[in-house]
Amino acid sequence: MLLLFRPILAEISRNKLAPYAIHLAMVIAVAVYVVAGAFAIREIEAIPRHDPETSRPKREAHEIRHSSLNRTRKCVLAALQRLGAVSNCSQHLDSTHLSWLDECYRHEDHRRIATDTSSEEDKKAGGGKNGDGKEYEYWTLMDSVLFCYTVITTIGYGNVAPRTFNGRIFVILYGLVGVPFTMLAIANLGKFLATILKSWTRPFVKCARRLRRRLCKPKYTAKEKQRLMERESRKSVKPKSVDDDGSSDTDDELDEEEDATSDGIVLFVSFVIYIVIGSIAIATYEPNMGVFEAIYFNFVTLTTIGLGDLVPQSDTYLVITLVYCTVGLALTTIAIEIAADTLKKLHYFGRKMENVANVQVWFGGKKISMKALVKNLGDQFNVPIDEIDTLNLEQFVDNAIKVQEGELATLRVDKGWMKSNYWRAIESGTMHYVDDDDLVTLQSNRNYYSEF
């Protein structure tokens, strides 16, 4: 039996895990893209050191060693001269010994110069990029990773920047591919965070709404009263169970405006808490940031201002900082989405709806036009084709919104024949048909009793 259901269970688990696997793959791809870009920009921006700049410190060090050796030589020669004068040695013999000792010092000095020169040539022969014999200055790996991350997230600290022509061309091409892909991944992460935040905070929002209604007792408008009456009518028709406390989910549903307001409040509170907690954590391992500096750094980063006056300095915790910034950017995308919805309402306020038939409605990962949706719905309920073709979708949607807002009671239109006694008998179930068994039995009984 288990073998029979195993393919079904595998298909169910595959369908559930497939969306999460795609989103996880996007995050991993962004991380790999950042690391690959970091290694590439390090190689591209490796600048050869100029000879005057590199030879000057070495020349100064050699001069110091040479002058020290020369002072030592003079000191030893002077000591030997004093020793010869005290011992009354031959002046010729004394000068001969001193010349030998002086030659030893000079030989040692030339040997050190030759050793330094040969070691420098060995470094040039085996060092440098591509074995060209030059010394190069590379970006640190931390600076490279941070630079690539700030490029594709559009933060742009500016603490390091490409100086070569090839490096700037690389940044253009790297950003063209990385910026939209990263924004897509962060927006997708924001969708998940928004769903999680709603599921966590919705019970608290409902409790606050109930408490506000009980304490404030607001005065409802005619439109709101009609909505409440419709909810009460639906609630009275619905049978109550033993454990029902008299409330229904319909009564607790938030209106669209209230839902948007509550989402904005929840997002703002979550954003503030996230910045404060993250700042306390970052201040513990970043040497150049206190709590206030960390709050300032987080705000500038998560809002993509990216002034660059404060940047992460800890190599050990760089990954943690980048993950924190990524989640914070996802929260920012939620705020942008809420602001975009509000902007749409302001933009289309007072305008007449047009071209409703071509509006695309998304269901999961697929979309369908409004015209096709209405047509298929009419086919489902056997609505005549001519009625669907003559349906004014703009007027239909406008009236549907009025019903939703309580301005209209219903869109149901009663036909003239629906008011007849014939239709009422059909609706009440008292209509009898010729082939009805109960009707035949009743007629036969009437004929039987009429004989007496």
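Cβ atoms here come from the backbone N, Cα and C positions, even for glycine.
Quick look at what TrEMBL annotates:
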type     : residues : note
TRANSMEM : 20-41    : transmembrane segment
DOMAIN   : 136-193  : domain 'Potassium channel'
TRANSMEM : 138-157  : transmembrane segment
TRANSMEM : 169-189  : transmembrane segment
REGION   : 223-258  : region 'Disordered'
COMPBIAS : 223-243  : compositional bias 'Basic and acidic residues'
COMPBIAS : 244-258  : compositional bias 'Acidic residues'
TRANSMEM : 265-285  : transmembrane segment
DOMAIN   : 271-344  : domain 'Potassium channel'
TRANSMEM : 317-343  : transmembrane segment
Quiz prompt | Recorded stretch that, among 20-41, 169-189, 265-285, 317-343, has the most CB pairs under 8 Å to the transmembrane segment (138-157) | solution = 20-41
Quiz prompt | Which of 20-41, 265-285, 317-343 contacts the transmembrane segment (169-189) most, counting Cβ pairs under 8 Å | solution = 20-41
Exercise. Count the residues of the domain 'Potassium channel' (271-344) that DSSP assigns to helix (H, G, I), to strand (E, B) and to coil, and report the three numbers in that order.
Key: 54 helix, 0 strand, 20 coil
Self-check item: Residues of the parent chain within Cβ reach of the transmembrane segment (20-41), under 8 Å, 6 or more residues beyond its termini
Solution: 139, 141, 144-145, 147-149, 151-152, 162, 167, 170-171, 174, 178, 181-182, 184-185, 188-189, 192
